[in-house]
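Per Swiss-Prot, these features apply:
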- 18-31: compositional bias 'Basic residues' (COMPBIAS)
- Lys39: SUMO2 cross-link (CROSSLNK)
- Lys224: SUMO2 cross-link (CROSSLNK)
- Lys226: SUMO2 cross-link (CROSSLNK)
- Lys286: SUMO2 cross-link (CROSSLNK)
- Lys294: SUMO1 cross-link (CROSSLNK)
- Lys366: SUMO2 cross-link (CROSSLNK)
- Lys386: SUMO2 cross-link (CROSSLNK)
- Lys393: SUMO2 cross-link (CROSSLNK)
- Lys399: SUMO2 cross-link (CROSSLNK)
- Ser13: phosphoserine (MOD_RES)
- Lys136: N6-acetyllysine (MOD_RES)
- His245: tele-methylhistidine (MOD_RES)
- Lys286: N6-acetyllysine (MOD_RES)
- Lys294: N6-acetyllysine (MOD_RES)
- Ser304: phosphoserine (MOD_RES)
- Lys366: N6-acetyllysine (MOD_RES)
- Lys373: N6-acetyllysine (MOD_RES)
- 1-36: region 'Disordered' (REGION)
Amino acid sequence: MSHRKFSAPRHGSLGFLPRKRSSRHRGKVKSFPKDDASKPVHLTAFLGYKAGMTHIVREVDRPGSKVNKKEVVEAVTIVETPPMVVVGIVGYVETPRGLRTFKTVFAEHISDECKRRFYKNWHKSKKKAFTKYCKKWQDDTGKKQLEKDFNSMKKYCQVIRIIAHTQMRLLPLRQKKAHLMEIQVNGGTVAEKLDWARERLEQQVPVNQVFGQDEMIDVIGVTKGKGYKGVTSRWHTKKLPRKTHRGLRKVACIGAWHPARVAFSVARAGQKGYHHRTEINKKIYKIGQGYLIKDGKLIKNNASTDYDLSDKSINPLGGFVHYGEVTNDFIMLKGCVVGTKKRVLTLRKSLLVQTKRRALEKIDLKFIDTTSKFGHGRFQTMEEKKAFMGPLKKDRIAKEEGA
């Protein structure tokens, strides 16, 4: 029989071809939200680092629904977002060929973790990046030139973006090289945008100045890499019958004799994962504050709610697996996001006008789970664990050694 008995849709989408390793590790923003001059000046994106997942309990606020006023348990992802540092301003002009850079101005002082991004091997380099450039800010001729640049940007540019980098020293990661990106400034006139950006040169921008509670955002990143995979795993094609000669996790017919080539649309083995992806409509459940010192005391209770008053941080017992402790500001997103732990993620304001009731729903968290994510966690805090377990042998030994 030369034809199949039943028709079936093809396996796997051709919309994501070529399925190869991403050329960039950090998610690229290919389009920023549309500018609206009537709104106040604001940033449209931010960088964060995926820490891990937990679950929450909340009450649904959806009048008319069967689940209204009922408690639901939902999975959430914690993305650590330490403040970003603004180190430059870029002006763009609109041309018939699209946007073109007009002027770029960098700050006088740039940290080493940012400079590392401009070198392949920081250890062997002379570390001279920006040493000549920063002198512009110190002599009169340089200052005049910078002022001239800012004025010409106000006159000719239509789009203003800032150059900002992350602060790796605040994170529990080994990497020292900061991630650097351009973030579009929206709202107000071009002059207002430029003044706003100028005021914030060398300043830190926290995440709560970019996003708000209950906002819908987009997450751009590179997925978890899986390596070289067979056709069944990569394209989810059907396994052949058990008695098939020469393997069954294959495609039986890869095309006609002529044309004597294999079409691009035929499922083949190859790279799976580590692809650049944009996921839209991730709801922010909480924008949490990092650890802070108040009246000489370290305040950690950023996972307490109105219903759960226990003094606990967002970190599960033992920290997030394969990440560590989240000590900075963080964002809690509904559901999962792309990438492995420690992966840098680009968080962008939504391109769409959100009108759905689910998108506009107010989120009121009742409980955030902080049990250990390594094994079957039972305790929310160390105090709860100590109260249940009682005095342990290791505590007694430590006491004796101390005495």
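Just so you know, glycine gets a Cβ as well, placed from its N, Cα and C.
What Swiss-Prot annotates, mapped onto the structure for a quick look.
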| residue | record | Cβ contacts under 8 Å, 6 or more apart |
| --- | --- | --- |
| Ser13 | phosphoserine | none |
| Lys39 | SUMO2 cross-link | Asn186, Gly187, Gly188 |
| Lys224 | SUMO2 cross-link | Gly273, Tyr274, Val338, Gly339, Thr340, Arg343 |
| Lys226 | SUMO2 cross-link | Ser233, Lys272, Gly273, Tyr274 |
| His245 | tele-methylhistidine | none |
| Lys286 | SUMO2 cross-link | Gln213, Ile331, Met332, Ile363, Leu365, Ile368 |
| Lys366 | SUMO2 cross-link | Ile56, Val57, Arg58, Glu59, Glu71, Thr305, Asp306, Tyr307, Asp308 |
| Lys386 | SUMO2 cross-link | none |
| Lys393 | SUMO2 cross-link | none |
| Lys399 | SUMO2 cross-link | none |
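In this structure the C-alpha atoms belonging to Lys136 (N6-acetyllysine) and Lys294 (SUMO1 cross-link) are separated by 40 Å. There are 7 other CB atoms within 10 A of the CB of the residue listed as 'SUMO1 cross-link', with all protein chains counted. Under DSSP, the residues of the region 'Disordered' (1-36) split into helix, strand and coil as follows: 0 helix, 0 strand, 36 coil. Sequence-distant neighbours of Lys373 (N6-acetyllysine): residues of the same chain at least 6 apart with a C-beta under 8 Å from its C-beta are Gly52, Met53, Thr54, Pro316, Gly318, Phe320, Val321. Look at His245 (tele-methylhistidine): DSSP puts it in coil.
Across the structure, Lys294 (SUMO1 cross-link) and Ser304 (phosphoserine) are spaced 17 Å apart at their Cα atoms. DSSP assigns Lys136 (N6-acetyllysine) to a helical segment in the three-state reduction.
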